[in-house]
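Here is what TrEMBL records for this protein:
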- 200-427: domain 'BAAT/Acyl-CoA thioester hydrolase C-terminal' (DOMAIN)
- SER228: active site, charge relay system (ACT_SITE)
- ASP342: active site, charge relay system (ACT_SITE)
- HIS377: active site, charge relay system (ACT_SITE)
Amino acid sequence: MFRLIVEPEHGLIDTPRTIRVTGVPPGDEVVISATTVRQGIRWTGYAVFQADASGKVDTALHAPLENRESTTYHSTSRMGLIWSQNPQLDSARQLFNQSVFDPLRTQVSAQSGLLSDSVEMLQTLVDDGVKRIEVEEDDLCGTIFVPAGEGPFPAIVVLNGSGGGINEPRAALYASRGYLAFALGYFKAPGRSDFISNTELRYFENAINWLRENYRPKGSFVAVSGQSRGGELALLLGATFPQIVSAVIAYVPSAFVHSAQNAADPELGREGPTWLLDGKPLPHIWEGNRYASWEPYEDGPAPHRHELAMRTALEDTDAIERARIRVERIRAPILLLSGGDDGSWPSSLYCQQIVDRLKAHDFPYEVRWLDIEKAGHQILFPFVPTTQNIHIHPVSMIEHTSGGEAEADAQANEQSWAEVRLFLGRAFNKGRV
């Protein structure tokens with residue numbers, strides 16, 4: 001009997017699924033598609049396979065047939081039908097539904113001649129029993145996700161990058177995996193500025209202390225995790241407030257303090273300061289830089305590659321030394337995650353410089369660096385589409401590429417999340433703070 005099997009049909013988004021078809025005449029072709037509606041937009045992955053001698057197709061074992069125009073991926077990949085999905089509208093970028101409690105529903109279908117079958121697969125961000133609590137007090141803005149079961153729990157603060165806002169999906173998944181997660185907004189969030197310019201670091205110190213006081217994390221453990229500008233920020237927080245940061249997770253970070261760039265307040269300009277400490281701007285890499293130029297980024301047709309401008313700033317050794325994040329002051333383990341084809345800034349080079357500096361200072365804590373050669377700037381978590389690396393920046397409205405190849409980004413999502421979970425387990429079990 002012809003049958004499509006998805007196992008498990010329902011589960012957390014980071015759970016790999018088995019997608020198999022049985023009962024196919026050996027050697028016959030089988031078309032498998034996966035369609036997910038994300039905020040009203042259809043995303044579809046599609047591949048054609050040839051059944052093996054036993055009449056089976058297994059996406060974990062078999063690659064799609066080549067020379068099929070509509071196939072969205074070409075390698076052997078258990079979840080290729082998901083990461084290779086393309087949206088019905090080219091401009092669509094929303095990977096999740098507006099509410100993190102609304103699961104992603106994917107219709108997986110298989111057809112071979114007149115034979116067909118379909119299964120609905122559900123990917124959830126929030127496990128049963130996880131609680132969501134909005135925070136709008138003590139000048140803070142964000143969302144707390146509390147794991148199911150009896151606390152206390154180790155905690156993690158989740159920071160977005162230059163797009164701003166509140167990263168509820170990542171925080172929800174952390175909570176589903178046992179961590180009290182605080183998705184903290186610091187711009188483009190209610191009650192906060194629309195721009196990253198002049199963001200006071202004391203705000204984050206207050207947030208961590210508030211979290212400690214109100215939720216009493218297990219072992220007093222509070223990690224910080226950030227993406228892009230949030231990765232830069234996570235390192236800065238660890239270096240500035242080492243006594244309250246238990247671990248640092250920096251996704252595609254910078255080794256230096258950068259200017260406000262594309263998320264700047266137009267009145268202050270993209271070469272204005274990003275971070276303040278007690279009201280005073282931190283020195284940044286574009287400040288007094290003799291060689292920094294936006295021309296490599298702005299010249300030529302879209303999509304633009306922001307990383308090219310960042311490299312010009314690195315030519316001024318005096319400027320970069322003034323702006324270097326003093327990572328050696330961190331008193332906690334550090335996990336660095338980077339993409340070798342990062343189109344936003346050279347995160348691989350930045351991470352190498354961070355590692356070198358830590359070694360030079362005989363850093364006594366764990367340092368783990370995962371670099372994925374062909375991945376770009378968008379390293380998220382497993383089993384989401386990775387096909388849309390060209391987009392309009394949500395603040396500057398400039399079209400640019402984040403770099404990376406879809407398959408490499410998918411591998412980066414899966415490998416980085418596995419590293420994050422192992423790293424957090426080690427950091428917590430050592431009871432850093």
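The backbone N, Cα and C atoms fix where each Cβ goes, glycine too.
Automatic, uncurated: that is what TrEMBL annotation is.
A gap of 5 Å separates the Cα atoms of HIS377 (active site, charge relay system) and ASP342 (active site, charge relay system). Cβ-based crowding with a 10 Å cutoff singles out ASP342 as the top-ranked of the active-site residues SER228, ASP342, HIS377. Summed and averaged per residue, pLDDT over the domain 'BAAT/Acyl-CoA thioester hydrolase C-terminal' (200-427) gives 96.
Distance between Cα atoms for SER228 (active site, charge relay system) and ASP342 (active site, charge relay system): 11 Å, as a whole number. Classification of HIS377 (active site, charge relay system) by DSSP places it in coil, neither helical nor stranded.
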